Each structure stands twice: as structure tokens, then as C-alpha cells.
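Enquirer: One structure, pasted below without further comment.
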Amino acid sequence: MGAQQWAITWGVLIMFYISYGSSFLTGPVAFRLPWGLQMIPAIFLFFGLLFTPESPRWLAKKDRWEECCHIISSIHSNNNLDDDFIQMEIQQLKDACELERHKTDNTYFDLFRPHMIWRTHIVVFVQIWCQLTGINAILYYITYIFGMAGLSGSSNLVASSISCVINVVMTVPALLFMDRFGRRPLLIGGSISLTIWWSVCAGLMGGYGAPAPPGGLDHIAEQSWLITGAPAKVVIACSYLIVASFAPTWGPIEWVYPSELFPLRLRGKAAALSTASNWAFNFALSYFIPPAFVNITWKTYIIFAVFAFAMTLHVFFVFPETSGRTLEEVEDAFNGIKLAWRMGEDKHQDEGRTLKHGPGQTERGEAMHLEDGLESI
């Protein structure tokens, strides 16, 4: 799931430089070329899907177990069906399918039942907060920000492209170390950093900036504020630091975290609702930011600083740690047995259970126990 975010950052980077190159063209081709080139990966995707194997879980639900086992073994063990890990995976899949056969009426309303509403609130808010980090204020409208900092023309576009490079590079550490450091520390660390950088931008813009001439700089209404000299350079640096703080924290975790809170029978619906929340706020912010730059100018940065601070508190008090946890242990946080910020105290508990029961057995057994408990609610 984290690799999905890295792929997104590559797409943003490539399209930015294609658009930058097209800016040197004249006439309608300057915008038609970037739009048209996007058909190429779509065509590759279309034909690539013809050779993509079906999901093992979908095949299992259709009782096509031979194909299911073949795909799992080809991915994990070079077609060795006798591998212990493969046998464990297949058994877990059979157990999950058996549960779903006994409860086939799963709907989106189940996400709002008393024993699920709190985690539904979390997966929705992890995506809402991700948008309210202000990352898309940077990625979508960074040319406005740098324009207000005194850059224009090609120098503005080149400087803006650096944020896309930072986004790609800084996502890599998350792929390597996300499981080692856990979800909560990265989310909290990222939001604290974002609070600092947005606050610095607001302070410098408000303290050293001045209103732009009527109509905005370069006749762009959104470039309604002007800051020059060393403070302008710090604003540019902080814009890069905002991207660098987001990329290894909220960027990949927004996709990983929701899938770790729900039992298998509701995981797909929860992920769909979570993603819908992401795009709803993405859409809203894309229309909020330009008029905000026009009407409240530098105070826009204060809004994102406040959001970043609020998400720090929200994550600390509400979001449980899921890395290396079984569903049963995560369930303790939602039942009030273990507070979210104390989930890390028993970090060696899994290791002790694994030594006692053997690898793989504990997680499947506890997950099954949880599912059985949910069925009875």
C-alpha cells in the first residue's frame, strides 16, 4: 500500500516536467500535449490488466481454489505449494471465506454500528487530516506561493518542480522503515513538523510581507501578497520542508492505516469510504485555496498550522498503533481495555505469544476469535 503512494509521487513528478516542457510551446498544443500524453499510461494499464491475475481472495470466494493456490504460491514461494507459509496463507483464506459464508449481508451500514463506528471515524479522519495537512495547497498551488515570494516565469516553475522531486525521494524512507517505527510515531512526528513549518510561513508572511498591487502580482489575483529578501527564501525553504515532512509520514500511511483497523469482511467497504473522504476533501480544498489566497492572504497558512496541531492531538489520543498488532490487540483500544497512547507498552507481547504458539498460529487464532466475537454482536 505504501508503494502505491510512491507510484503516485512519480506520476506527479513526471507530469509536472512534461507540463513544464510544454510551457515553452505556443498555441493550443501547449495544453493539449500534456493532456494527450496521459492516454499512454492508460493504454498500457488497459492491456496490462488483461494479463493481471485475479485476486486470490476473489477466486477463493468463487471456490476456484486451484487457481487461488497457484497465484499465492507463484507470488510467495516460486510455485512451491508445500511451503509452510503458503499453507498458512491458504488456511487463513479458507477461514475468512468460511466466516463470510455465515455472514453474507455485510453492508456499509455495518461500518456505523456501535462496535465499528469509532474505527470508521478514524479511517475517515485519517484521510481528512491528510488533505488538511495542506500538502495539496503546496503541490497544486506552489507556483502562487513562490510567485508571492518573488519568483516568476521559468525560475518559478523550476523551483516548484523541486517539491515534486522531494516528494518522490522522501517517500522512500517510509517504505523502508514504516513498520519499524510504527504508524503513530510517524503520524505524530509528521503533524508536529507540519505545524512548525506552516507557522513559520504564516509568521514570516504576516510580519515581513505586504499586500500586492491591485489585481495581484503578474496580474494573477491569487498572488495577492508579496514578501522579499531573506524571509522570502525561508518561506520557499519551509514549503519544501512541508513536502519533506508529509512524504514519509502521512503520505503512505493514509493508505496503509485504514486497512489495519477492520476485520476482513468489512475491510473493502471501509477502504472505499476512507478513499471517498480523501477525494471529497481534496475537491473542497482545491476550490478553497485560490479564493483564500485572494481574500485572507497569509492567514491561509495559519489555518493549515491549526489543522496540523489539531491532528497531532487527535492522533495522540485516538489513533491506536497497528504495526505488529493482531486484530485482537487493536480491538482492545476500541473496547477501552487499552488506551490508544498506551498500545506500545506491551510491544514484546507478540513475541512471547509467538514463542508459545508458533509463528502464524497466534495471529490467525486471535483474528478468528475477534471475528467470532463480532459475529455475535
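Glycine is no exception: its Cβ is also placed from the backbone N, Cα and C atoms.
Note that the structure is a prediction, hence the values are computed from the model and not measured.
Positions annotated as compositional bias 'Basic and acidic residues' by TrEMBL: 363-377. The domain 'Major facilitator superfamily (MFS) profile' annotation in TrEMBL covers 1-323. The region 'Disordered' annotation in TrEMBL covers 348-377. Feature annotation from TrEMBL assigns transmembrane segment to 7-27, 33-52, 122-146, 158-178, 185-210, 301-319.
I'd like these features described in context: how deep, what's nearby, how far apart.
Expert: Within the same chain, residues 33-34, 37-38, 41, 139, 154, 157-158, 160-161, 164-165, 167-168, 171, 247, 251 sit at least 6 positions outside the transmembrane segment (7-27) and bring their C-beta atoms closer than 8 Å to a C-beta of that stretch.
Long-range contacts of the transmembrane segment (33-52) within its own chain (CB-CB distance under 8 A, at least 6 residues past either end) are made by residues 11, 15, 18-19, 22, 25.
Sequence-distant contacts of the transmembrane segment (122-146) (same chain, at least 6 residues past either end, Cβ-Cβ under 8 Å): 12, 156-157, 159-160, 163-164, 167, 187, 190-191, 194, 198, 220, 222-223, 235-236, 239, 242-243, 246, 250-251, 253-254, 257-258, 261-262, 270-271, 273-275, 277-278, 281-282, 285-286, 289-290, 293, 300, 304, 307-308, 311, 314-315, 318-319.
Counting same-chain residues at least six beyond the ends of the transmembrane segment (158-178), those with a Cβ under 8 angstroms from any Cβ of the stretch are 2-3, 5-6, 9-10, 12-13, 16-17, 20, 138-139, 142-143, 146, 151, 186, 236, 239-240, 243-244, 246-249, 251-253, 256, 323.
Same-chain neighbours of the transmembrane segment (185-210): 126, 129, 133-134, 148, 174, 178, 225-227, 229, 231, 234-235, 238-239, 241-242, 245-246, 248-250, 253, 257, 297-299, 301-302, 304-305, 308-309, 311-312, 315-316, 319, counting only residues six or more beyond its ends whose CB sits under 8 Å from a CB of the stretch.
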Enquirer: Taking every residue in the domain 'Major facilitator superfamily (MFS) profile' (1-323), what is their average pLDDT?
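Expert: Taking every residue in the domain 'Major facilitator superfamily (MFS) profile' (1-323) and averaging pLDDT yields 92.
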